[in-house]
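Engineer: Pasting a structure below so you can have a look.
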Amino acid sequence: MSFNNWSIFKKCKNIVLTEDIKNKLQKYYDILIRENTKYNLTRIISIDDVYEKHFLDSLLFTEAFNLQNQKIADIGSGPGFPGVVIKIFFPNTKILLIESNNKKANFLRTLIKELDLKGINVADQRAEDLSFQLKETFDIVISRAVAYLDIILEIGVQLLKIEGHYILLKGPRAEQEIIDLKNKDLKMGLKLENKQTLEDTGFGIRINLFYKKFQSTASIYPRSYAQIKKESK
Ligand SMILES: C[S@@+](CC[C@H](N)C(=O)[O-])C[C@H]1O[C@@H](n2cnc3c(N)ncnc32)[C@H](O)[C@@H]1O
C-alpha cells in the first residue's frame, strides 16, 4: 500500500519533501505495520492516519521552532515519534531515543538499521535514570504523549543544557497541566516561552509547549519516580 495524499505536508512550510524522504516514510510505515503485532506499537494503522496523526503530527512543532543540527533527546519514543521522524526530515540533527521498554527499544534499533539512519541512537533506560550521566548534554529535550506535564518536565530537565529548549507535544489538557504545575517549572529553571495551538486532526486539539532552561536545575531533581508521581495531579 502506498501513500498519495502528500498535500497534508503543506502545513509544514519549512520542510522539503524529497524522493528520499518519501521512500523512507514508506519504508517506516511498512516496518511499523510488519512489527506492530509483535511489539504492540500503535492502534493507528491505516496508511492515511499514520502519515497524518503520527508522521505529520511529529513535525508540526517545527513551524514554531527552528530545527537545524541540534542535539536532541526524545523521551519515551515508543514507535519512534517524534524522534525518528525528526531524523528523517532533519538529517543534521543528532538524536538519542530514550525508551524504557526493552521491546520497543529493540524495535527502534531495527527501524534505525533498516532505514539506514546515522547519528541516531537508542537508550533502553528510564530518562530520569540518565539525568546525571547525561547532565546538560542536549540542546533540545522533546517528548510526545508520555506523562503529565509536571512529571515529564522533572524526568527530563537535567538532560537539558542551560539555554536549551524543552518541547512537549501535548493534547487539549495542556492548559490545565500548566495550571497544575504551580510554578514547578520555574523552580526547576524552566520558563514557558511559547505555545502553539494546532487544529484537531482527530485526537483533539494539539498544543505544543516550548520551555527554555534559564538556569541550571537544583540537584534534588529528579526525585524518585514514586515521589514525583505521588505529588502529581
Ligand atoms: C504512550 S507512549 C508514546 C510513544 C510516542 N512518544 C508517541 O508519541 O507515540 C509512551 C512511551 O514512553 C515510554 N516511557 C514512559 N516513561 C518513560 C521514562 N521515564 N523514560 C523513558 N521512556 C518512558 C513508554 O515505554 C512508552 O513507550
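Glycine is treated like the rest: Cβ placed from N, Cα and C.
Pasting the relevant annotations from TrEMBL:
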{"type": "BINDING", "residues": "Gly76, Phe81, Ala127, Glu128, Arg144", "note": "S-adenosyl-L-methionine binding site"}
Engineer: Name, in the order they occur in the sequence, the residues of the same chain whose CB lies under 8 A from the CB of Glu128 (S-adenosyl-L-methionine binding site) and which sit 6 or more residues away.
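Structural biologist: Expected: Glu154, Ile155, Gly156, Pro222, Tyr225, Ile228.
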Engineer: Does anything in the same chain, at least 6 positions from Phe81 (S-adenosyl-L-methionine binding site), have a Cβ under 8 Å from its Cβ, and if so what?
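Structural biologist: Looking at Cβ-Cβ distances below 8 Å from Phe81 (S-adenosyl-L-methionine binding site), excluding near sequence neighbours, one finds His54, Asp57, Ser58, Arg144, Ala145.
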Engineer: Under a three-state reading of DSSP, tell me whether Arg144 (S-adenosyl-L-methionine binding site) is helix, strand or coil.
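Structural biologist: Reduced to three states, the DSSP call for Arg144 (S-adenosyl-L-methionine binding site) is strand.
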Engineer: Return the residues near Gly76 (S-adenosyl-L-methionine binding site) by Cβ distance under 8 Å, restricted to its own chain and a separation of at least 6 in sequence.
Structural biologist: Ile98, Glu99, Ser100, Ala127, Ser143, Arg144, Ala145, Val146, Ala147
Engineer: Need one number for the S-adenosyl-L-methionine-binding residues Gly76, Phe81, Ala127, Glu128, Arg144: the maximum pairwise CA distance in Å, whole number please.
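Structural biologist: Those residues reach a largest Cα separation of 19 Å.
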Engineer: Hey, what's the Cβ neighbour count for Ala127 (S-adenosyl-L-methionine binding site) at 10 Å?
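Structural biologist: Total other Cβ atoms inside 10 Å, all chains included: 27.
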Engineer: Suppose we draw a 10 Å sphere around the Cβ of Arg144 (S-adenosyl-L-methionine binding site). How many other Cβ atoms does it contain, all chains included?
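Structural biologist: Here the count is 25.
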